[in-house]
Amino acid sequence: MKIFVKTLKGTHFEIEVKPEDSVVDVKKNIESVQGADVYPAAKQMLIHQGKVLKDETTIEENKVAENSFIVIMMNKSKPASAAASSASAGTSQAKSIPPSTSQPSISPQTPASVSAPVAPAPTRPPPPAPTPTPAPVAATETVTTPIPEPVPATISSSTPAPDSAPVGSQGDVYGQAASNLAAGSNLESTIQQILDMGGGTWDRETVVLALRAAFNNPERAVEYLYTGIPEQAEVPPVARPPASAGQPANPPAQTQQPAAAPASGPNANPLDLFPQGLPNVGGNPGAGTLDFLRNSQQFQALRAMVQANPQVLQPMLQELGKQNPNLMRLIQDHQADFLRLINEPVEGGGESGNLLGQMAAGMPQPQAIQVTHEEREAIERLEAMGFERALVLEVFFACNKNEELAANYLLDHMHEFEE
């Protein structure tokens, strides 16, 4: 019978197969038709309806009917030397991660308590890296989709919970929320994994800058590397030595702030938690350094929104760093206190409801994205591999409209999408 073989570039060709042919036989057939220099059988990967076909299975077992199509991809060659194989261990982990050690990038939002993805400022800040400018696109078609979450690559960085983290169920939720953040000894391995993933596309300083902008979230850092690092992250933070064990941490020096409206009036910037300046902290050594946040209506509203939708914490912290950098530095210095406060139960509604609405109004909304005719065809080809349109759109735009990168991600994480 006749079947069609499609490539990621949009071309296709036909071959003759038998229902009892194994996948290995089909690969050899493609090699003989197209040439060993173009499609060597050993490097071929065949996909049908979103699933990679195993070599030992047959065409009939995989339900490949006459005049149907399969998608062909080429596996990358692996280094043969032992030294090279040990050095590439981080790369293989970055490309394919078992579901037991990583969380799907596209998953329902269920945890009620979250951890703060806050990274301490490095003592040796790297110089700013140029932000890549996306090429202009001719607008011919419109696809309406929400702004995608970062999904170009999932790098698992298991971060242990700090001693002050809640115990029991809250601790479990914290572990889930923190599993995608790199910290401590895992940070260096995460940097190396991203460098290996890029294959020389980025230098180390650029990767460190992207991680700092993403508060050590590897997924968001990779997204920044493809789409551009926010300008706010390109300003190196001030290097600060850690506070000694016998002395309480002092808050950073206060910069002069403009006169603010009375406390009873509305706050024009809901994410500027203290428009009149930070209160005096550290007066009570027995209390948490950030306990003064409890009295802030803006923080109460932020906490309610984060507990309802944990994914808004990242953009909120980025905006907070712009509106109130002094408070952001204080949070970075006292992450455990911030985690404890952000996970405390929300009490009452009252005025915090209005502030919640103000914050929600400032969050990104679904927007119309223009695509060209070629990009629309690329989206349709990804759909033809057996994936849902919504998932294809999210991955395609998160991968900066790189069809091959999107296809690789979809195939590497298809077991997560099936769940």
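Glycine is treated like the rest: Cβ placed from N, Cα and C.
Positions annotated as domain 'Ubiquitin-like' by Swiss-Prot, on the basis of sequence analysis: 1-79. Looking just at the domain 'Ubiquitin-like' (1-79), the mean pLDDT is 86.
Under the heading region 'Disordered', Swiss-Prot lists 83-172 (among others).
Among the features that Swiss-Prot reports, compositional bias 'Low complexity' is placed at 83-118 (among others).
The compositional bias 'Pro residues' annotation in Swiss-Prot covers 119-135.
Residues or ranges marked as compositional bias 'Low complexity' by Swiss-Prot: 136-146 (among others).
Residues or ranges marked as domain 'UBA 1' by Swiss-Prot: 185-228.
The annotation region 'Disordered' is assigned in Swiss-Prot to 235-282 (among others).
According to Swiss-Prot, the feature compositional bias 'Low complexity' maps to 245-270 (among others).
As annotated by Swiss-Prot, domain 'STI1' applies to 288-331.
Residues or ranges marked as domain 'UBA 2' by Swiss-Prot: 372-413. Helix, strand and coil residue tallies for the domain 'UBA 2' (372-413), in that order: 32 helix, 0 strand, 10 coil [DSSP].
When the domain 'STI1' (288-331) is classified with DSSP, helix, strand and coil residues number 38 helix, 0 strand, 6 coil.
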